[in-house]
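S.K.: Quick paste of what TrEMBL says about this protein:
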- 25-46: transmembrane segment (TRANSMEM)
- 89-109: transmembrane segment (TRANSMEM)
- 115-135: transmembrane segment (TRANSMEM)
- 140-158: transmembrane segment (TRANSMEM)
- 164-183: transmembrane segment (TRANSMEM)
- 190-210: transmembrane segment (TRANSMEM)
- 216-241: transmembrane segment (TRANSMEM)
- 380-476: domain 'Histidine kinase/HSP90-like ATPase' (DOMAIN)
- 446-459: compositional bias 'Low complexity' (COMPBIAS)
- 446-467: region 'Disordered' (REGION)
Amino acid sequence: MLLALFGDALTPEVAYSRAAEGVTYTVFGVVTFLLLPIVMRALAVFDIALTRAGLGGNAAEAPAAPTAASPSDGMSLAEALPFASFTGWSWILIGFATVATIAVTWPLLVTLYEVHPAIAMVLAAAEAAAVALALRLPALAIALGTVTPAATTLITAAPIATPWPWPVTMLIVQALLAFIIGLRHDWRWVLAALALPQLAVIAAVAFSGAGFTGGAITSLVISSSVALGLGLCGIVAQRLLENRGALRAERQHSAELDAKQRELSERNVVARELHDVVAHSMSVVSIQANTAKYRIPGLGDEAEAEFEAIAQSSRQALSEMRGLLATLRDSDGTAPLAPQPTLADLPALIQSSRNSGAEINYRTAGDAPAESVLSATGLTVYRVVQESLANAMRHAPGAAIDVTVTLGDDTITVGVVNGPAPQEAPPAPGSGLGLAGLRERVTALGGSVTAGPTPAAAGEGSGSAGAGFAVSVELPR
């Protein structure tokens, strides 16, 4: 190695002496010790890059697993490792090819073709750079892949070892370059990667004066054939992967359409049941309440007012039911939307509940204007009060109810508290779904719900029939 580096400056006796050998090993050891941390860090970064590329090309946070997850839940192996996005695996191939090119080409040029070690390193690095750049910069990769073998042909014009003008390593790299470009780019780039290096080497052979010997012609034919074959393989692989990705996308789209169709069918079933059962029953209630004063002679004023309140409540319920049915039957979200209740409709709701015989104390607090409240927040406040009043009148009929709405600068607080029910008024059974739906609606807006027996009633024991109930909701403005 010393003779190759310094040439005639050193005699064989000095180059092979123990002193020169010791100095050489010492220098190599110091350089290795100084470069070891850098090399280790570079290898670690390279390993991370290859791993990340193999797992899809981008780092992404793993989705949170469901609370009750099982081994059968979540993505399959084919979904977790996106083979259709072949960029990551291309980078893995390029990484190994780059390292192998430098590791093999450099000593091969030095030992078999007697190229100066420094020049051999430059040629090997250029070949490796061509492979590394093929994925993102095909023009620069083709330029390096053209200049490097032509320069090698001129440097080794008097061939000492065969094959010539294409060394085996450069022939393999040239074919790999054509394959990578065919895998990722248009066929015109592949044609350039096949033709330009071959033409450059042919020109270099002609310029060198070595002549087109039988070995040179054989080397040229083999290199062009291998490169052409791998280039075509790259093009075919690209088409196969593109078709596979398109097929996967089409299947996913078909699955989404099937899921949407199933959802629409379920919504139509729900809408039909609501229309046939609930809407029909409410229509009967409305008709009976409206015609009661004509069908029943001698009704007093209070009874007529009671029937009118029942008719008004049933008409409002029917109106909201029609809007719900239109939304359920709508498949693309274009159903006309009915006006939704807001904070301004709370007094009417309170009065309607009072007309049903409930004793309600309604208070508002806070200086913030009600007009600044978002429509979604106002609707949620209305539904909270509506559900809480319905629960209080159902489970504690005849009990006094306190409703408080506080409009703060940052939050809106709703409190509904009912007292104990009279002993002679048995509570009506409920499904338990009202509070669950209320929690979902409030949580969707970033609010919180607290519901439970009042503190005074809680001390009377769990079996007390006179337990009151309190619902407290806090919503952001």
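Every residue gets a Cβ built from N, Cα and C, even glycine.
All TrEMBL annotations are machine predictions without curation.
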S.K.: Report yes or no: does the transmembrane segment (216-241) come within contact of the transmembrane segment (164-183), defined as 3 or more CB pairs under 8 Å with a sequence separation of 6 or more?
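M.R.: In this chain the transmembrane segment (216-241) contacts the transmembrane segment (164-183) - 3 or more Cβ pairs sit under 8 Å.
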S.K.: Please give the average pLDDT for the domain 'Histidine kinase/HSP90-like ATPase' (380-476) in this predicted model.
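M.R.: Mean per-residue confidence for the domain 'Histidine kinase/HSP90-like ATPase' (380-476): 80 out of 100.
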S.K.: Please indicate, using numbers and ranges, the residues of the same chain that are 6 or more beyond the transmembrane segment (190-210) and have a C-beta under 8 Å from a C-beta there.
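M.R.: Distant contacts of the transmembrane segment (190-210): 138, 141-142, 145-147, 149-151, 153-154, 157-159, 164-166, 174, 177-178, 181-182, 216, 220, 223-224, 227-228, 231, 234-235.
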S.K.: For the transmembrane segment (115-135), give me same-chain residues lying six or more residues beyond its boundaries with a C-beta closer than 8 angstroms to one of its C-beta atoms, as numbers and ranges.
M.R.: 1, 4-5, 87, 90-91, 94, 97-99, 101-102, 105-107, 109, 141-142, 144-145, 147-148, 151-152, 155-156, 169-170, 173, 176-177, 180-181, 184
